[in-house]
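Here TrEMBL flags B:2-112 as domain 'CMP/dCMP-type deaminase'. Residues or ranges marked as Zn(2+) binding site in TrEMBL: B:His53, B:Cys83, B:Cys86. Here TrEMBL flags B:Glu55 as active site, proton donor.
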Number of protein chains: 2
Amino acid sequence: MFSDEYFMEIALSLAEEAAEAGEIPVGAVVVCRNRIIGKGRNQTEELNDVTAHAEILAITAATQYLGGKYLSDCTLYVTLEPCVMCAGALFWAQIGRLVVGASDPKRGYSRIQPSILHPKTRLETSVLANESQELLTKFFRRLRT
Amino acid sequence: MFSDEYFMEIALSLAEEAAEAGEIPVGAVVVCRNRIIGKGRNQTEELNDVTAHAEILAITAATQYLGGKYLSDCTLYVTLEPCVMCAGALFWAQIGRLVVGASDPKRGYSRIQPSILHPKTRLETSVLANESQELLTKFFRRLRT
């Protein structure tokens, strides 16, 4: 039951929620022993804060829950490849595993430097990538009309 | 009166405040038309949050003050070279100018990729670098004893 797709579906529902609020649809969850301990969705417009990306909010929520700064036993699921800022935050959090949906050839951290991530972070990409990409495409198409 | 040194001194006093609170001494201020509109100092321990770097807190404070997400008319003064996460945040904020104190050969963004900053951001380094470095050295020396 607790597959990568299961948790990515939850991240996708957060991304949908973001789209409904007029935000670029990106969602993230932090999972520790099959339990969601942090959630986030893009809120840069609502909070008027460029740092309010889904991953940053999910990391902060998870560390508040744990009462510790590090997430080495946790997995972060995010519907879109993290930007440099978020990859930098994941480095500091020492995230144990990172599962990514769609890749971001324009702003993804890997185009700058894949080694931004912590050397101990295991990486999995392209989980429900099409579903995530579809949400983004739909969002930007609607913006342009 | 409103020289780079003047504002860096204020960032340094925030760094000192951080050290007194047991935090790695880094301080930052955002200045717009010679007015400080955002301040931050490292609070990762107190807030139990790896994202609570001086720059992130200063950017968030400044954008809350302005009511806009972008800081293209502002300067951020920070006592230590930003890490990748903070440089990524400064990219999103489109900071107009970045003034740095000491460089950080271990975790500074420039060792990864200088182009993380926004192409329009003007960069000034080594402003009161010795004073900043001294605070850091003193802090880590005390930690080790």
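Using N, Cα and C of the backbone, Cβ positions are placed for all residues, glycine too.
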Residue with minimal Cβ packing [other Cβ atoms within 10 Å] among the binding-site residues B:Cys83, B:Cys86: B:Cys83
Where B:Cys83 (Zn(2+) binding site) sits in the secondary structure, as DSSP reduces it to three classes: coil
